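Taken verbatim from TrEMBL:
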type: TRANSMEM; residues: 6-24; note: transmembrane segment
type: TRANSMEM; residues: 36-56; note: transmembrane segment
type: TRANSMEM; residues: 62-83; note: transmembrane segment
type: BINDING; residues: 71, 74; note: Na(+) binding site
type: TRANSMEM; residues: 95-114; note: transmembrane segment
């Protein structure tokens with residue numbers, strides 16, 4: 001049953017991320033900076049902080065929402081690819097804020113979510 005909860009959550013989280021990324025791609029300003037990945041990862045960090053504080057890590061709810069949904073929703077690999085592409089293109093003005101906002105903001109938002 002554990003794997004079922006995780007798979008169900010991950011498929012839903014991935015679908016929600018896809019919808020957000022697709023919407024951002026339709027926005028003119030969403031094509032110049034990886035806003036979609038940033039928003040997804042920051043909201044995911046905050047949400048996971050809330051879940052980690054309020055749910056037992058082995059509960060079905062945490063497996064569904066924390067491990068599954070948030071695991072499918074957030075995207076560490078896409079973020080790192082975007083950072084690498086920015087470095088390759090020497091877009092330091094985008095890379096530095098994106099890096100700082102993602103890692104710094106992610107830790108702060110996870111902490112804030114955990115405090116709630």
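Using N, Cα and C of the backbone, Cβ positions are placed for all residues, glycine too.
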Exercise for the section: State the residues, same chain only, that lie 6 or more residues beyond the ends of the transmembrane segment (95-114) and have a CB under 8 A from a CB inside it; answer 'none' if no residue qualifies. Expected result: 33-34, 38, 41-43, 45-53, 79, 82-83, 86-87
Problem - Listed in sequence order, residues with CB under 8 A of residue 71 (Na(+) binding site) and six or more positions away - result: 6, 9, 10, 13
Problem - Structural state of residue 71 (Na(+) binding site), classified by DSSP into three states - result: helix
